[in-house]
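Here is what TrEMBL records for this protein:
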type	residues	note
BINDING	621, 622, 623, 624, 625, 626, 627, 628	ATP binding site
DOMAIN	695-711	domain 'DNA mismatch repair proteins mutS family'
Ligand SMILES: Nc1ncnc2c1ncn2[C@@H]1O[C@H](COP(=O)(O)OP(=O)(O)OP(=O)(O)O)[C@@H](O)[C@H]1O
């Protein structure tokens, strides 16, 4: 067998160490993939598969992507869950002796993306690490593009459920798991179906306590590490994550210089179904942002603010103090419109400082990005000044945290060109006047350039060739070009280098000497520029703590301003948030439906819920009356209040709830083999298992997915469980079409009936959208069906059947069986037909048709026709 070429040998050595990644092997201006990687990439990225001679009989399958547009290709692979190992030349090809050295500079995995083009600017890109031992789970979430790291410990009952709820609230793209977590048999399916994240199994050694503790010590301040070092599972989770980042990122992960330990009881619990049902970040129907709560609330001006707003929305608080702090800051902004609008304006154009800093710390930010950072700092002094006038404690803290960073701004501004090129190795980065030495080298370079022009002139005169010019190419540098018609005038000392169709190119000793000076000056100047640029980049990186603190403050201010703008534009009110267990709302509205309604205005409604005589509200009323809207608006208002936001109501008192659970709408999960009813019952089971008396439950038409009697029985049993203080005793809104359930008001403590009023005139109904005490008198299903355009025949027939069913003569089943399968109209027509056909038969019996004359036959036919 023939020997592999040296380059392919090098390829195989590198590939051997990165078997589970697609290897992007840098060759010139391309990243090439070979063998199975090439086949996979060609399939996934629609690339043409070619072959490369590799010293063997068979050519190596190969495909490539251009270096300059590689991001979009990598993004597509990473989004599909693949890892991409980037292999670069690690020495200057010009200085290499033999084959250029190459090595992996970074492995990009779904959870370790930092490239802005591959990230959603308004969403964190988390990688998570979960390790379980001793019935405890250590869990961490890290966004390496911003340097944020959140860690927690989960203990107690239902660890898998708790873990899933935590994973849902951070939505990581990649999850490292190990220890006893492998026993959670349904977890992989959950991760695949609900999170679409990729999973990496790590070994117990990788989660080993002492290795992990060392990894933490290398990364964080001693005091920080000491504060959690007894939480072994937590240490294992963070340590294994750091080691994974070290292996994949190789450099730059030092950006993660601190962490935040959170307690899962710090935040309201929202499970997967509730997040989906309340349409927090996208709608259920179209999976679109428009129509979701975030769409309404997000008026942020910066990417940092966008991400933080999303975080607040996905993590409503339980701590009243923190909620009140946010509220007071929003109140400051709501009350001072002029100031608020000025702040809003000064936030516009502030770049993503958090993600820029990551690139700077990684050492791969270019001069343009440094300029963007400088631009982001421009308004800081003004913003600090604007908010210093406010009184609330959060505003005071933000004023303190915002560092105007004038020194860094000035450093970048005086050093870096306004519009530098993307490349940092080809000059044009540093402003004239910033560095004397650089200016001197540059002037040498420029003088040399004018010397070239002088040479051209001199040679023209000396040789008498008018069409002579000095040019440059990459192959043999500076040359003199003479058109063919003057070839005979070329002096002897010219050395011919190239012949083209119309001209010849020459070099001279004088030109080569000058070239040495020019290129030397150019190289030196570019080298100096890069060194100065890199130094500035390092200075900025060394100020990470100051810059990061400012970025966080700007993000917080942006979120507060966004919420204040929404509150002011939509006439929201500041809710009174307390521990009262009450939810009292006056004139409350559904924030999103209200914003989307174009015709008639939204009809506001009141709400009274508490843990006493108003625990459960049974809501009846016709279809389309607004039951679901009403229930969701209560849940959304509670959630908004616990985010710290103002709410759409004229008055609101919110006793904090520990969780919101919802069971709404019909959905099936055919992929996991579950019918609509199974999904519904699973969700109900989950709610009754996890809810506490401090939870808020939204139960919309429980039991509708099965037969009437079974459904009604289940609905009543759930209602009894929820309402009964000895069992659950939680606050709940319970919408149902089973009017029979309204009797529960008399049978159970704490249950109240409400209905959404409609006005009926003849066959037509008008929706009033007002919630009023008492059960609904009728369900008006048929009237709504008529509104929906069901044909008259079906409507009439349905009314007939309903009349029989509600006549109350016998039990429903018997009555239903006794109803004729024809409508009364059908029966009438059948009777008529019967009579006519009898008359015709009688008539025909009375005549002998064989003896009729043609005229008599015609008359008979005429007579028969009239009978029918
Ligand atoms: N308070 C309101 N003011 C104005 N329009 C409303 C109000 N409540 C609901 N609506 C409108 O009525 C539509 C139907 O409301 P919703 O889906 O809540 O009815 P429903 O009673 O739950 O119906 P069903 O029993 O068929 O599920 C909503 O899409 C909304 O546009």
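Residue numbers in this text run from 1 along the chain shown.
Positions of Cβ are set from backbone N, Cα and C atoms, glycine also.
Structure coloured by features recorded in TrEMBL.
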| residue | record | contacts (Cβ under 8 Å, 6+ apart) |
| --- | --- | --- |
| 621 | ATP binding site | 627, 755, 756, 757, 758, 776 |
| 622 | ATP binding site | 756, 758, 765, 767, 776, 778, 779, 780, 781, 783, 784 |
| 623 | ATP binding site | 737, 779, 780, 781, 784 |
| 624 | ATP binding site | 767, 784, 787 |
| 625 | ATP binding site | 755, 756, 757, 758, 767, 769 |
| 626 | ATP binding site | 603, 756, 767, 769 |
Per DSSP, residue 622 (ATP binding site) is which: helix, strand or coil?
coil
Looking at the binding-site residues 622, 623, 624, which have a C-beta within less than 6 Å of some atom in ligand 1?
623, 624
Protein Cβ atoms within 10 Å of residue 628 (ATP binding site), excluding its own:
21
Over all shown protein chains, what is the count of other CB atoms within 10 A of the CB belonging to residue 627 (ATP binding site)?
26
Whose Cβ lies within 8 Å of the mean position of the Cβ atoms of 621, 622, 623, 624, 625, 626, 627, 628, the ATP site, other than those residues?
756, 767
Under the DSSP assignment, what numbers of helix, strand and coil residues are found in the domain 'DNA mismatch repair proteins mutS family' (695-711)?
4 helix, 5 strand, 8 coil
